[in-house]
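As given in TrEMBL:
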- B:11-108: domain 'HTH hxlR-type' (DOMAIN)
- B:160-181: region 'Disordered' (REGION)
Protein chains: 2
Amino acid sequence: MQRKSFNEMQCPIARSLERVGEWWSILILRDAFYGMTRFDEFQQSLGIAPNVLSRRLADLVGRGLFERRRYSTKPLRHEYVLTAQGRDFWPVLLALMAWGNRHFAPEGLSMFLADEGTGRAAEPVLVDQHTGEPIARERHAIHAGPAANERMRARIGFRSTRNAARPTSIPPVSPSPEFVS
Amino acid sequence: MQRKSFNEMQCPIARSLERVGEWWSILILRDAFYGMTRFDEFQQSLGIAPNVLSRRLADLVGRGLFERRRYSTKPLRHEYVLTAQGRDFWPVLLALMAWGNRHFAPEGLSMFLADEGTGRAAEPVLVDQHTGEPIARERHAIHAGPAANERMRARIGFRSTRNAARPTSIPPVSPSPEFVS
């Protein structure tokens with residue numbers, strides 16, 4: 001089944017997902033950050049069918065996340081090297097890792113980020129570069145940018161217009177503070 | 001076509017992807033952070049078929065990212081509220097937003113994060129909570145955790161064992177510093 005294209009969507013999250021293309025692509029990007037660049041290396045790490053890997057790599061090159069480079073002439077061989085766009089995907093992988101480590105690692109950590117300077121485990125958290133404050137939903141919120149279309153503005157303004165429009169027969173059992181405007 | 005299950009994989013990134021389940025699910029989570037909780041609200045925002053949305057929501061409840069709560073008895077109606085696990089997905093969405101804003105917003109920003117205290121745009125960056133240092137590939141690296149299996153250790157140790165094993169006929173045209181050990 002073909003996934004619907006998010007191309008026409010304006011949201012940068014949807015566009016990022018569109019650009020990554022597919023779940024396998026995220027794991028290929030992950031392995032590139034481990035230093036893998038060659039077809040056989042990706043295949044051995046991922047254990048996927050060669051034709052699937054070929055398609056995903058060609059796709060990632062076409063989308064500008066990898067550059068294809070020749071590393072041997074006899075036999076002719078190419079490797080796949082992250083572009084600047086691809087390298088900028090690292091924080092997404094770290095955010096996925098942190099979420100997985102927090103919730104889906106019942107047997108303990110299988111991987112973690114470490115500070116090579118101090119030799120200690122690092123705890124990646126998002127902060128605002130301007131203020132140094134941790135990004136928190138109590139303090140930070142999404143706003144519409146200058147290029148936002150109507151659909152985007154409606155989505156971003158949803159919370160502020162919701163309560164007037166919502167008929168509620170009974171209150172929620174235990175309202176979450178995030179959902180009380 | 002059924003996507004291969006990442007269930008048996010140990011990597012927390014793969015497990016996170018497995019838990020999210022599908023691209024649409026990420027956009028449903030996104031809309032939940034805008035304050036949406038009801039079927040009609042998600043449907044209007046996403047413009048997807050009701051049967052697809054039903055499946056995705058049931059799946060997200062089953063995976064523990066949403067809780068289904070009754071909000072009306074006549075007619076009987078339920079809403080979908082983020083669980084603690086679901087709320088912890090926010091940094092992943094922000095990382096995707098930052099990547100999309102940086103690379104795939106040629107017409108300008110359609111959305112951005114702002115600090116409600118100062119009223120200024122926030123720049124979400126990853127730092128190490130222990131040291132306050134920005135997470136950078138020059139300073140931070142992934143290590144195997146105590147629970148890592150053989151496959152995970154091989155992947156994480158790839159860079160250090162690669163060069164000996166790799167026959168290279170010609171050097172890369174312009175080696176990227178990230179890929180020189």
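Each residue, glycine too, has its Cβ placed from N, Cα and C.
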Average pLDDT across the domain 'HTH hxlR-type' (B:11-108), rounded to a whole number: 91
Residues in the domain 'HTH hxlR-type' (B:11-108) grouped by DSSP into helix, strand and remaining coil: 59 helix, 13 strand, 26 coil
